[in-house]
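Engineer: Got a structure for you, questions after.
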Amino acid sequence: MAEPYKIVIGLEVHVQLLTKTKLFCSCPNKFGLPPNSAVCPVCLGLPGSLPVMNRQAFDLALKAALALNCQIASHADQKPGFTKWDRKNYYYPDLPKNYQISQYDLPFSHDGFLDINVHPDPKKGYTAKKVGIIRAHLEEDAGKNIHDESGRGGDTRVDLNRTGTPLLEIVSHPDMNSPEEAIAYLEEIRLMLRELGVSDCEMQEGSLRCDANVNVHIPKADEPKGYAATPLVEIKNLNSFRSVGRAITYEAKRQYEQFQKDPVGYRIDKLLKTTAGWDDPRGRTEVQRHKEEAADYRYFPEPDLVPVIVTKEQLDAVKATMGELPQAQRQRLQTQYGLSPSDAEVFVAKGRKTVAYLEEVAKIVGDGKAAANRISDLVFPALNERKEEIDEFPVTAAAYADFVKQTGSLNKQDRVDVFKIVLEKGVSVEDAKTAAGIKAVDESALRESAKAAIAANAKAVADFKAGKDSAKMAIVGFVMKNNKGAPNDVVRKLVDEELAKV
Amino acid sequence: MSLTEKTAAELLALQAAGKASAVEITDAFLASIADRDQKVQAFMHVEGANAKAVAAVIDAKRKSGAKLGALAGVPIAIKDVLCTKGIPTTCSSKILEGFVPPYDATVVARLKAADAILIGKTNMDEFAMGSSTENSAYKTTRNPWDPERIPGGSSGGSAAAVAACLAPVSLGTDTGGSIRQPASLCGIVGIKPTYGRVSRYGMIAFASSLDQIGPFTHDVYDNALLMEIISGFDPHDATSVNQPVPAYTKTLNDKVEGLRIGVPKEFFGEGLDSEVEAAIRTALKEYEKLGAKLIDVSLPHSSYAVSVYYIVATAEASSNLARFDGMHYGHRTKQKADLIGTYAKSRGEAFGKEVQRRIMLGTYALSSGYKDAYYLKALKVRRLIKNDFDAAFEKCDVIMGPTAPTAAFKKGEKSDNPLAMYLSDIYTISCNLAGIAGLSIPCGFTKTNLPIGLQLLSPPFDEERMLRVARMYEAATDWHTKRPTV
């Protein structure tokens, strides 16, 4: 802990579900349509309209909750699997009913956890961390108020296309203690929900939104708990993972400084939670709202909907469609294919299709680690350059495995050249090699060249024999100079063998 | 007997026999409205030309031999709480002035599919909050039996329209008695179906967990006929129940053997008018003559029903009515104000006093610090009220008593005393809280010639038997044939 305080972070994440239609009506759930074109009496909240639950949304939400290791509607004094809808009452023009259908005291899922890997940067190594999930519940999204930002005080316009979009709210315990942990948590949720087809988690489009609850603990020996805690601040308006990290860092420091100025009054037990907005261009949080008292949403059971009972059969059906989750996949790639933790991280982060590609190459090549290296070397840069997804890539896993086998003896530059030809011309590896001017290796000629090199470099040989390993490289370099394009590993092997004979 | 005094069944028969056309029938009722509604004030909106056009289409269909719906050529009036596509729907509130729904309520769509002719929208207590129709922001409907008196409420316009022969049948809604009480006060038949029997889609909600739509008719047969049309599961209403709809009209005249009638002592206590009580006792004797057995039952928690109702219903209403805020449709204040000010002024200007009172009551009951003591406690007592009925129905097939404690009261008599007004629903409210079915049929008149209604209450989804029980009495009496002189 570089700072003289401990940061405490809890995240509230909202993700829009990838359903065909909205949560309570049959309007399309689609981003980017002309304003107020995907609406009907139900999502407009017209008088007399009634909501009807979208089962697909509920199943997607169940999938997410199971992936978050949550209990499914296991509430005291209720039947197993019993969950219900509630109304959250508040007035705002983007909420046409002036209440949001949400879940209050009996959410469909609760008490889960998510394992995350912090610092997914090989240089820093990994720290495994378990983040507790308080609850995940379903609710309907609101529309959007579009304010006049010209400064001329024009009317605010309301777009209700988003109204009624299914939204999953995931509330974590305050288990994260650094911006990196917060970002790792978000990245893991995004990866998992994308791979499960639950959400596309595009923060720019608002299909993933995050509010951060932040305060700091300042160690103090004379405090009953051994530290003093600052009041909670909920940071909103975070529109990228990067801004989540920056906002947390800024806010923690600000709270610490505020505490230094007012160590008696600026404490969690003296002040209620406040809401702050993150101003990204200015790089600072700005208090939006001082909550004099907790907002009273007057929750009560939604009388227009019936409670939902989740049965074991329904849960089993959802489980059957989940597949392998990222954390399990990382473990398996390490144990089954001998991948390093960082390679496993990289492949899993690219998604299930990339992992499948790797596994197919690994099986054919018979060496998982080599397959991972070769894919990282050539396939990933090519995908980047061509702006393609792995399933659009013209070189199939089987073809790439063949390429790996046939180019094992080439040096790196030659491999790059050959692959480029394979990719651009669509020719066989053999033809690409010829086109690249790479001749088949004549091992006996190379051996002669190695012998000649040993004879011509008596000092290096002597140094090597005296225990200076690096002297060998001079001899290898000598051979390479005289045999352009020769495979480095073959040359090394031959030099080793000939040196042993000296 | 003029066309307008006839029942729907009679109008159907006349058309089938070629003795009247849909156009003639529609013209007759439109003429009746033109002639009498200035006295009754039942209608918010009359569909003149459109109704005639629909009638002409139905006549042409009949002529061509095409299959006709079960209510072909029968005009119907609709309470203005039900959404009608392209026709103004106000809930008799200023806040919905100018609101024209882009869709039909499911019941309206079903009636149209049955070839009924929508003849107009009827007056009501604003947002169905009231028992006299005096809370309408537009007009005060009169009781056709005595213009100095109210027709009951909140569906007073729909009840008065049928009683005054301005429409042969109509639809109302019942949240705490708003069909049965005006049916009783206007001398006609009105049913509050089991919660979930009729789709609420397109009914502008007052209290979602209590609201049901039901028909007003001159007699039980017409009621059974309308129930066949409007009942049944609706994929647009999650609280509608997927249970087959019996052919109510087919079994209507089947005698109910060994009928056991539960008579709760709680329905004959203080506040019950002696003339009303006498009429109910006479009706019960008539049932005994018809072979029924009277059984004493008790509904011990019914004394809490009014209190529970005014917490649960107002709590839900405070949320249901939040959408009327001047932002997206309906009345918006002309005064310049910020967002909160616009909300407050729009709502303050356009909601009537009773609506404001109930929104405040409900908001209070749900507020943190009070929710446990009021709303959540009310839900528990609601469960006890339901349990009372379950226990009573172990011993009897149907419960009977007065629909309302008095016959129609005078205009203005209770408008300054909300509590006295609330008590006029004392016998009807527990039925909604329990989610069971209830019905009011005419069973006599006071000395001053005001109708009295007998209330029947039945277990959930037992409308078929309840209608038969009602029909037994109707067949032995002639109260349902009386028409007022307007």
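The backbone N, Cα and C atoms fix where each Cβ goes, and this holds for glycine too.
The domain 'Amidase' annotation in TrEMBL covers B:24-467. The feature active site, charge relay system is assigned by TrEMBL to B:Lys79, B:Ser154. Positions annotated as active site, acyl-ester intermediate by TrEMBL: B:Ser178.
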Engineer: In sequence order, what residues of the same chain, 6+ apart, have a Cβ less than 8 Å from the Cβ of B:Ser154 (active site, charge relay system)?
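Structural biologist: Result: B:Met124, B:Asp125, B:Ala128, B:Met129, B:Gly130, B:Ser131, B:Thr133, B:Asn135, B:Thr173, B:Thr175, B:Ser178, B:Pro182.
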Engineer: Let me know the most crowded of the active-site residues, choosing from B:Lys79, B:Ser178 and counting other Cβ atoms within 10 Å.
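Structural biologist: That would be B:Ser178, with the most Cβ atoms nearby.
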Engineer: In the three-state scheme derived from DSSP, which category covers the residue listed as 'active site, acyl-ester intermediate'?
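Structural biologist: DSSP assigns the residue listed as 'active site, acyl-ester intermediate' to coil.
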Engineer: Per DSSP, B:Lys79 (active site, charge relay system) is which: helix, strand or coil?
Structural biologist: strand
